[in-house]
Amino acid sequence: MIERGKFRSLTLINWNGFFARTFDLDELVTTLSGGNGAGKSTTMAAFVTALIPDLTLLHFRNTTEAGATSGSRDKGLHGKLKAGVCYSMLDTINSRHQRVVVGVRLQQVAGRDRKVDIKPFAIQGLPMSVQPTQLVTETLSERQARVLPLNELKDKLEAMEGVQFKQFNSITDYHSLMFDLGIIARRLRSASDRSKFYRLIEASLYGGISSAITRSLRDYLLPENSGVRKAFQDMEAALRENRMTLEAIRVTQSDRDLFKHLISEATNYVAADYMRHANERRVHLDKALEFRRELHTSRQQLAAEQYKHVDMARELAEHNGAEGDLEADYQAASDHLNLVQTALRQQEKIERYEADLDELQIRLEEQNEVVAEAIERQEENEARAEAAELEVDELKSQLADYQQALDVQQTRAIQYNQAIAALNRAKELCHLPDLTADSAAEWLETFQAKELEATEKMLSLEQKMSMAQTAHSQFEQAYQLVVAINGPLARNEAWDVARELLREGVDQRHLAEQVQPLRMRLSELEQRLREQQEAERLLADFCKRQGKNFDIDELEALHQELEARIASLSDSVSNAREERMTLRQEQEQLQSRIQSLMRRAPVWLAAQNSLNQLSEQCGEEFSSSQDVTEYLQQLLEREREAIVERDEVGARKNAVDEEIERLSQPGGSEDQRLNALAERFGGVLLSEIYDDVSLEDAPYFSALYGPSRHAIVVPDLSQVTEHLEGLTDCPEDLYLIEGDPQSFDDSVFSVDELEKAVVVKIADRQWRYSRFPEVPLFGRAARESRIESLHAEREVLSERFATLSFDVQKTQRLHQAFSRFIGSHLAVAFESDPEAEIRQLNSRRVELERALSNHENDNQQQRIQFEQAKEGVTALNRILPRLNLLADDSLADRVDEIRERLDEAQEAARFVQQFGNQLAKLEPIVSVLQSDPEQFEQLKEDYAYSQQMQRDARQQAFALTEVVQRRAHFSYSDSAEMLSGNSDLNEKLRERLEQAEAERTRAREALRGHAAQLSQYNQVLASLKSSYDTKKELLNDLQRELQDIGVRADSGAEERARIRRDELHAQLSNNRSRRNQLEKALTFCEAEMDNLTRKLRKLERDYFEMREQVVTAKAGWCAVMRMVKDNGVERRLHRRELAYLSADDLRSMSDKALGALRLAVADNEHLRDVLRMSEDPKRPERKIQFFVAVYQHLRERIRQDIIRTDDPVEAIEQMEIELSRLTEELTSREQKLAISSRSVANIIRKTIQREQNRIRMLNQGLQSVSFGQVNSVRLNVNVRETHAMLLDVLSEQHEQHQDLFNSNRLTFSEALAKLYQRLNPQIDMGQRTPQTIGEELLDYRNYLEMEVEVNRGSDGWLRAESGALSTGEAIGTGMSILVMVVQSWEDESRRLRGKDISPCRLLFLDEAARLDARSIATLFELCERLQMQLIIAAPENISPEKGTTYKLVRKVFQNTEHVHVVGLRGFAPQLPETLPGTDEAPSQAS
């Protein structure tokens, strides 16, 4: 067994309290015992500093600072050192029994920052007799010594023979040496690794469960699977390299594309310009001929337009002369129509006002009667009201007098006075001074009779007044009617004038009845007269158009002649139309056919070009589509044969590649599983043992071992048995050989060697005969020889494969070209030449155009004659029906006669219309005019006088009645009778007063009502009188206006005037329309003449310019054609399909190509200059020079060693085939390199299972560990849910996410990161890149979650946390975790260092007093079982029975502080081996 390395001692030089002290370390437990400040922590700090000399990590805080994030300012190191040079050295011996001293030189740096300078070093080959203190100190005297600086130490060691001194500038190199020599358990490559190691030491130093370690147990316990990561990195590197190669190929393809683009654009640029010039030359020739034809045609058109202009100017002058007369007539007719319409409106108003006046007259008479009656009633009401008022006043007076008499007791006197007052009033009214009370009654009868007489007289006069008023009203009415008809006259003449007016009215009515017949007759004659005038005008116009005067009798014969001419010309025009239609149909058919052929020509030409290219590529001539299909079948057969041969060569090449890969495996293992099994069994492959066998001995040993040459050599077969149970991941036959791999020989077999063969006696009854292999593979030399031959074969196969691939791709491209040709051009490639047919059709089209032109000229003349004859017939058709009107000469006289009669009748009708109503009213009352009622006014005065007399008589009778009524008052004599009488009188007076007041009220109401009614009647009467007077005045004004107008206003006058106006308007409109037509036609004719004149000048100029241009271009075109033929590029430039494009399309094509060429040749000075010169449009030959320069440029860049052709186009085709083959080959290689997602998932899952098994094995070692109530400790390892889902998707659902893994833009790591983000969108990835995330996902450790659990008392298994455990339990559990970590590191690092080295194991524990005796014993047992060293710091009351104990006491002597150390070996019954460098007895050092 390999012995584990050990730390022999720790040496402190010039530390605080330790000048030169070496602590010999026990193989198990070393205890530092002492009180507070004794130096225990300083000793451990020196050990840790020598172990990890990283100032960024070192932090020696006190135990009380355990929870602090920062300790003292110097992190605890500066204060533990003394001034000057200090050392901390570890003396070790490894598994190879090599003594190695490693340490650091420390020195305080002056300054307030309290920094420390550290220099790590190592010493090898130091004799065992030399102590570390002797190296770094120099004895000056018996009690004085000096610490050597590092350079003197180096010089001192270099002087010693066999001793090596190494000083390190980096901590990484220092730790690398310590790892290689087995001092530390893990290779510390980075600051992160050093931090983990320091956290481990720090956790063990201060005890307890370190949260920094438990939070990241994966980093501490799980080894980094660098092999898998390296494989992925190599794979991605190979993929990157492959993709870079592909990118380089793409760049080459882009160059090829550039060449192809350059040729294509140069061809487009020059060919488009070349064909444009060719087309323009042909177009210019055609234009010159066309200009000449148009010049001749335009001259003929100008002459015709000039003749036409003269005729239209003459006709326009005639119409201008006639238009003035027509306008004057039309204006007169319009004015007459307006006068007639005005007169009619006036007549209508007059009639309406007359009717209104009659109605107002009637209403006025009625209202006069109503007002008269109202006046009478008003007078009666006034008299009644006045009487009632007088009676009331008298009664009130009497009543007042009576009341006064009662008050003063003078009633008799009052009544007497009242009677006297009444008597006096009666005397006054009746003019009777002698009137007495006794005679009052007699006078009353007299005055009553007088009143009755006056009333009768008044009634008689009233009757007479009414009769006189009626007679006076009728006379006035009749007189006013006569005055309205005849005008003012004397009243005595009214009777005679009225009779004369009635007789005249009868005559006027008779004449008025003849107005309508006369008007109809006049309208008929006027219409005939207008038709006669229109016929005369049409005849004059016809004669003017015909240029000859015709008699009326000649018109019918002329009409027949013109109709016969129209019939003949119509037949001619119809036949010409049919002939023209036939010619045009043929022309359109030719044009359509030409257009169709022109559309088909580019397709046919493209098909011919494609067919010619195919013929050149395959060297065959094709005359029909059947030839093409037959050759395509032959091509398919050749392609199939080439593909079969290529696939066979490719399969053989792949087999060679696989064999080379298999033989290139390290150790000669052809199966990777054997390496894993060898590592698992702790053995070595047999092929690895015989790896150095020579090439000559290889056949022998290959035959000797036969099938077992892939066996695994193990030290002990019995230890392998347990691993074989359930083993499935292994070859079908697994051979195991027991032996020492370091001293293995072939003595395990009994062998007889034959000629080129051996006989191996495996057992007594089993032999094996094996011949020497022709190609031995046993041993590195044999494999390298085979690999070399395989490489040579692979080169041959690769070359053959490339050739076949090139041929296959060439055949495939040819097949694709044939397929494209068949799909695009086969239908038209073997049809007739459309261009030849186009030439034939163009010649026929020219003949048709000439025939059409001649036909058009003839047809134009016939059409003019036909139009003239047609116009003549139309005019005669309008004239012939009016020949009888043209022969009637008396029509105008008859019209004048009827018009005079109509005027007389209309005058009579106007009289009847004006005075008819007055005559009708006058006729029944005309007799009243015989006498004039002049006494009407005197009668009115008498009637008024009688009314006054009747009123006075009534008042006198009333006064006498009152006297008679008061007659008793005169006879009152005594007061008693007076009182009694007064009482009765009072009541009567009151009753009469009430009755009188009521009567007065009624009279007042009646008076007010009748007064209001009378006022209303008077207002109505005044309104009627005002309306009557106003309308009478308006009527007189209207009659005067009608007389002033001087136009007859009958019902037909307006219609006749309107008809006359409309006829004149129509004539004027026709004349103006014709004049406008002539003006427009004349303007158009003049414009046409101007246009034709300008066109003639332009055509002459264009024709001569075109002729000159054609002649000039001919010389330049000849130079271009000569250059094209001399350089042999006519086939490239003369692209006939471009001849069918327009000049704009060709110019656009050339300009686009020019823009692309400027970019393409921007880096080529020569081509850029030639291109710039070629842009001159006046020098087309320079474009040919540019095209020749491009071809020459590309010919110079063709690699003749690869592509053997001078044609750049063919070179590009061959280059494209070769690049396509390389792309295909590299793409297949990339597919081989790429690892599948399922493989990744399997690798990670297997790694996880292996590590879970390893953790399970570690847990078995911790099952028996117990501290306090903690009965056991274990690690739980689980796969994270999100990562488990990722693995499931990678292994089972990867097809759904092939868009990520098949993307060329993503590496495998990036694709894995994208998939993880897709599956877990809720997780925030932060600022990390997909590449970083993917690399983390390739690390299996990130898939696992780890936590420590303890089995504590009755709680069962629970998570190990400091808060849930006691201090001792936490320390023990933490120590168990650290031990597990250290063991894991050793397992991880076993593959990295030599197999003969087992590293040192050492941990710390400060303040161990927190553990009880049982826990301390458990630690000792754990150290013994794991061969681990432990340094414990304990107070004075702890004295362990095992290991070595150092008693530390800090003392001060003469102001000098030092630590007194006493070492004691354990005294338990079972003593460990003696510590190196110490005696069994206790030792003491000062």
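We count from 1, first residue shown onward.
Here the Cβ of each residue, glycine as well, is placed from N, Cα and C on the backbone.
Swiss-Prot assigns the feature coiled coil to one of the listed ranges (37-73, 444-480, 925-961), namely 444-480. Checked against Swiss-Prot, the range among 639-695, 1209-1265 recorded as coiled coil is 1209-1265. As a whole-number mean, the pLDDT of the coiled coil (835-923) in this prediction is 79. Looking only at other Cβ atoms within 10 Å, the busiest spot among the binding-site residues ASN36, SER41 turns out to be SER41. Listed binding-site residues: GLY34, GLY35; maximum Cβ neighbour count within 10 Å falls on GLY34. In sequence order, ALA1433, LEU1448, ARG1450 are the residues of the same chain, not among GLY34, GLY35, ASN36, GLY37, ALA38, GLY39, LYS40, SER41, whose CB sits within 8 A of the CB centroid for the ATP site.
Most Cβ pairs within less than 8 Å of the coiled coil (977-1115), among stretches 326-418, 509-603, 835-923, belong to 326-418.
Counting Cβ atoms from all protein chains shown, LYS40 (ATP binding site) has 25 others lying within 10 Å of its own Cβ. Each of the binding-site residues GLY37, GLY39 was scored by the other Cβ atoms within 10 Å of its Cβ; the lowest score goes to GLY37. Around the Cβ of ALA38 (ATP binding site), 24 further Cβ atoms fall within 10 Å across all displayed protein chains. DSSP assignment over the region 'Flexible hinge' (666-783) gives 44 helix, 26 strand, 48 coil.
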